[in-house]
Amino acid sequence: MPVHDDHCNPNPAPLYLGLMSGTSIDGIDAALVRINANPITHCELIAAQTSAWDPNLRTTLLELSQGQNTASLDQLGWLDAQVGLAFATAANTLIAKTGIKHTQIRAIGSHGQTIRHRPHGDLPFTWQLGDAHRIAELTGITTVADFRRRDVAAGGQGAPLMPAFHLAILGSANENRAVLNLGGIANLTLIPMTGPVLGFDTGPANALLDSWYQRHHHETFDQSGNFAASGKINQKLLACLLDDPWFTLPPPKSTGREQFHLDWMTKQLEPTPPSPADVQATLLELTAVTVADALLRQQPKTTRLLICGGGAHNPVLMARLATHLPNVTVESIQTYGLNPDYLEAMGFAWLAAQTLDGQPSNLPSVTGARGLRLLGAIHPA
């Protein structure tokens, strides 16, 4: 995937590289993008790839993020360094495949790996591992990271952070739109023709679906939703899951594996539980129902729902969303020439550009922060 130099353009739009690993911890997404100068309204994906986690490191991160394990200070320091090394390796691997020089990339935007997200309480916090100093050192590229904590310090949820990016590249003056990221957790961005943008998590998505599937199969996820399609929705289990008070919380709200993990679901199983396929079908329906309910409640006149994330490749989930939203066009962002697997990584490249240009990138209407804030810490090359 060589990238040609801009011989005809002495001032090409700068290149940025975004790095992202979500709540599923199923890989490190790296996206190389070319971003227009301010106002930033267009991002061109130049190259992208997903790097696999070391299996033992992934297991440790999953256990830590789900509250199933505690770690000593030494272990946390080691994990921070390991995640930073893994992110730097993912960046360098992609750069090597493109044939461009590291010096052609203005900055890396790194999300890191969330191990705890506690946006409520007397002293809320969010914590992402991935030593950005190490990323900058090993790549030789200025790295912007730690995007969420400034918003939390300003009274916000620190999530979701993609709505400003979604608005910039997918907003429309002609129809009310929504963007749905179906990653480990499902989150919505509501983009009305006029008025403030809203964004919030709606509940679990691939985090539960993948975990349950992996318990019963050797593969990592339910390819094309076939396992869910082979089962039947268990209405009693679905009602028990929907009874969780988190679902009735109003936005702004965000969540993670510490809230919605496999133990949370298995506690609801009856003494004679449904078949594994029926549970998978029910978990898929949980995602579809909670997304549809949230969308209809918060933006009932939505015309179009654009899907990104791994769930965009699950035709069964896409069909259930369409069933629950009969008056909404439900489609993948691929329709608009965007890769659904790398939109978040592109978004963190965009956040890095915003920060280096001195532009705030949180939306108080989304996170609940006291105002616009410049996000992230800059680690020079």
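Sequential numbering from 1, following the chain as shown.
Positions of Cβ are set from backbone N, Cα and C atoms, glycine also.
Feature annotation from Swiss-Prot assigns ATP binding site to Gly22, Thr23, Ser24, Ile25, Asp26, Gly27, Ile28, Asp29; the stated evidence is sequence analysis.
For the binding-site residues Asp26, Asp29, the greatest number of Cβ atoms within 10 Å around a candidate Cβ is found at Asp29. The Cβ of Gly27 (ATP binding site) lies under 8 Å from the Cβ of Ser21, Thr50, Ser51, Ala52, Trp53, each of these being in the same chain and 6 or more residues away along the sequence. Cβ proximity to the ATP site centre (mean Cβ of Gly22, Thr23, Ser24, Ile25, Asp26, Gly27, Ile28, Asp29, cutoff 8 Å) flags the following additional same-chain residues: Met20, Ser21, Trp53, Gly183, Gly184. There are 23 other CB atoms within 10 A of the CB of Ser24 (ATP binding site), with all protein chains counted. Set side by side, the binding-site residues Ile25, Ile28 differ in how many other CB atoms lie within 10 angstroms of their CB, and the most is found at Ile28. When secondary structure is read from DSSP and collapsed to three states, Gly22 (ATP binding site) falls in the coil class.
Neighbour density for Thr23 (ATP binding site): within 10 A of its CB lie 25 other CB atoms from the protein chains shown. Under the three-state DSSP scheme, Ile28 (ATP binding site) falls in the strand class. Of all Cβ atoms in the protein chains displayed, 24 besides its own lie within 10 Å of the Cβ of Gly22 (ATP binding site).
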